[in-house]
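Note sheet for the following structure.
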Amino acid sequence: MAEENLPFPVTMRGYDREAVAAHIARLEESVKEATTAAETARRETQQARSSLEDSQRALREAEQPTYKGLGARVEQLLRSAEEQSSDVVARATTHAQDTVARANVAAQQLRARADNEVAEILAQSRREADEIKTQAEHAAGAVKEAAERQAAESIEKAEREAHRLRSGAEAEAAEVRATGEREAHALRASVERETTELRVTAQRDAADLVDSARTDSEQKLAAAHQESSRLRDEAASFLAAAHAEADELTEATRLETERLKADAARVRAEARDAAAALKQEADADATRLLDEAQREAANARAIAEAEASDMRISAEADAATLRNDAAAALAQADDDAREARERAEADGAELRKRAEEEAAQLRALAERETAHQRREADAYAAELRHTTEQEVAELRHQADRDIADQRGTAEREIAAARTAAQTEAVELRESAESYAAQLRQETEAVVAQQRQDTDGWAVALRRSTEAWATQLRAETEETAAEERRAASAYATETQDAADAYAAETRGTADQDAAALREETEAWAAQLRGAAQAFDGETRAAADAYAGETRAAADAYAAETRGTADAETGQLRKDTEAWITATRGEAEAYAADTRRDADAYAATQQREADAYAADERREADAYAVKERQAAEGYAADQHREADAYAAQQRREADAYAAQQRRDADTYATQTREAADEEVEALHESVDAEIAALRAAAQTEADDLRAQAEAHQKDTRRAAADLRRAAEEEAAALKAASTTEALQLRQTAESETADLRAAVKAELAELRSASEAEAARLNREAESAHAKTLKETSDLRASTERDAKDLLADAQSEATALREEAQAETTALREEAQADAEAAREEARRTREDLELEVANARESAEQELTRRHEEAKAETAAMVADAKRRTAEAEERLSATLARAEQVRREAEAHSQTLLTNARNNADEIVSEAREHAEAIISEAVTDAERERTMAQREVDELNRQRESITTYLDDLRGLLTNDPVGNLAKASRLAAQAEAEVGADAGDR
């Protein structure tokens, strides 16, 4: 309905140019027609004036005869004719002046109408240009805001994605690093265990080979003393080969261990490199995503700015075009009006100058016509006043109805907004309370689960620690008892072996002495037999040799006997001395061996007691440390759970308080906006009523002033409505923007708090896991180092003792070999057996310790792996929970943004609707005022045209009368000049005819 009252059809960017151009062309045609009519009236007036001047000139040129001799009738006729001519001239002059005045009024009305229409078109064009510009700016601002919002969302999404990728990369790198270290530790433990088993197996094989070699050497030594050296050399070479093989196996094991360590280091380095590469790739992806988001934001911003610039340029160009067209039309209208005014003023001045001479003659006719015009003007003014009062009453009624409608609409909208705000506040409060309750339940459940898991883990750890400590204490006591029993058995065996060796050595010495005595006696008997045989032979020879050799034989016999006795005594002394020395050495060796055995037994017992005490202390310390660590971990878990529960509770309370504050703020803002809108409506209504009163008061004075005041009031009311609508839209937009920003900030702070809490928990769990792993590694490494040290000490002491025993045995064997080959062999074998037994015992002890350490390390690695898996599972669960909460927060943020966008769109649509309604109302009011003004102007133009027509007819009639009078005067002058007396009758007839015509004209008037 409002669009039908518009002066021009509406297009996308304002009014249609062709329609505006056609309307301006019509206005120009109207101005041209009015100018043509004025020019025609001026020409007609000029023609009438020329005719009048010709008549006056003819009258002046002709001599005017006296009428004294013509009689009273002719004098009366001439006087009547002169009066009629003067009256006609006066009326013609008056009509001409009236015609000129009406033409000037019509020209002024047309010019005013053209000015009003041009001003209206110009104002409408400017308003349309301003509206187009405003809409373009709003559209550009909306596009820019949407682009910035999308860019910000893209940047935030890219940052979240980059942070998630970086966190994932760091977590994956940490997982790869932890997995690599765990696998390296497990591999090192398994390698050390396998190395220990291989070394134990190799040592046992070497011991078996040594035992078999020693058995073979003993058998071969028992079988043949002459092959003892060779067999001893073979046994030594075989033992060296076995030691070399054992060393080779040890070296191979060491190389394999180093290779495995190198592989583990390589795997760790590869894992570190992979983690670094993955981190770099994640950083590169994050940087690329951030750059792409920034480029997209820049492109979107550039596109939005370009579109806004294009729309602004187009709007400015359209506005400039319309402004130029309106200015050109206004200039053309001004030029035409100025030309018409100048021509009218010139004509008026000329007519005024020429009509001043005829003013006296035409005053009577002017007074009559003035009275008639005054009556008509009074009637027209009364009718116009009545019409104006009716229109004012209608406008006031329409304004009251519009105000009532707007007030009702505003109240309904305020009530709806208040209801929506209360509903949304209730929903937000219920959502916040339900979310807080759910979060509190989840927190309490998580805390209870954490406390239960911590208590269960602490109880299980305490039980396992106590069981392990009990088992370790039992094993330690059992090991100490076994060591003690072994030491006692070894001492008993050593003492028995020493006693047996002493008895055997003593028996052997007695047997050797008896054998030596028998051999000496046999040798003496043999020597005696030989001496006797030699004596017989010598006697025979002596008997043969005669008497000279008897003395020599006796001397030789005596000498030989003395020598034999001396040698026998010396041999007896040597044998007794050797037996005594051998017995002393055997007794000393037995005492030394007994002392060494006692010292070794005491040393082994002390070492076993010290080892048992160290193991017990280490077990107690480890149990205390584990118990303290378990209690500390349980306390840390309890504190963390309590802190997490308190943090979650605080966050829930803060979120609920923030939601309540946001709801209260939104309700307050909505209420204030509604109050401001009501006050603005009241102010606008009061201003409109005051303006209408002022317009009603001023309309009685002047129609033009009333129309202009009404138009100004209407524009002011439209501006007030537009301003109120814009303020309402701005308030709603600001409220929605504030609410969206607050909700976004709340969601971002909640997301940041959740992310910080998750990061803190992950960091604490990671640090706790790393500390636990480092502690277990340190304990395992310290236990391994201690075990290796004890093993190396035992090995060194055993090898040193073995070397000492071997050196002593070799020295003793060498000494005994020089004195007695059999005793040396027996002593060496016994010493080797003792050394091998000690070495075997030390080796078995070392192997058991190494196996125990390897098993302990492997169990520690398994326990560490299990704990790491549990921690990883808990971390994964917490990360999944955090991701779920983050996703929920993002969903809530998206819903909030969508709701804010919907509110913004509704506010814009509502403001656009209000603006459209206000513009339509203003256009209707302006159209009605313009139609009313056009009707008034049309009536005035019609009246002017009617008056002009009547004046034209009167001028024509006056011209005709003037011509008849001129003809009459010419005839009368001719009659009077030629034959005044003869033509008197004819003059009388002409005078009667002229009088009849004048009477007829008077009757017609």
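Backbone N, Cα and C define each Cβ position, glycine as well.
Looking up the ranges 474-525, 578-629, 630-681 in TrEMBL, the one annotated as region 'Disordered' turns out to be 630-681.
Of all ranges given (195-217, 333-355), TrEMBL attaches the label region 'Disordered' to 333-355. Range with TrEMBL annotation region 'Disordered', chosen from 149-181, 380-412, 908-940, is 149-181. Helix, strand and coil content of the compositional bias 'Basic and acidic residues' (881-893), in residues and according to DSSP, is 13 helix, 0 strand, 0 coil.
Per DSSP, the secondary structure of the compositional bias 'Basic and acidic residues' (858-873) breaks down as 16 helix, 0 strand, 0 coil.
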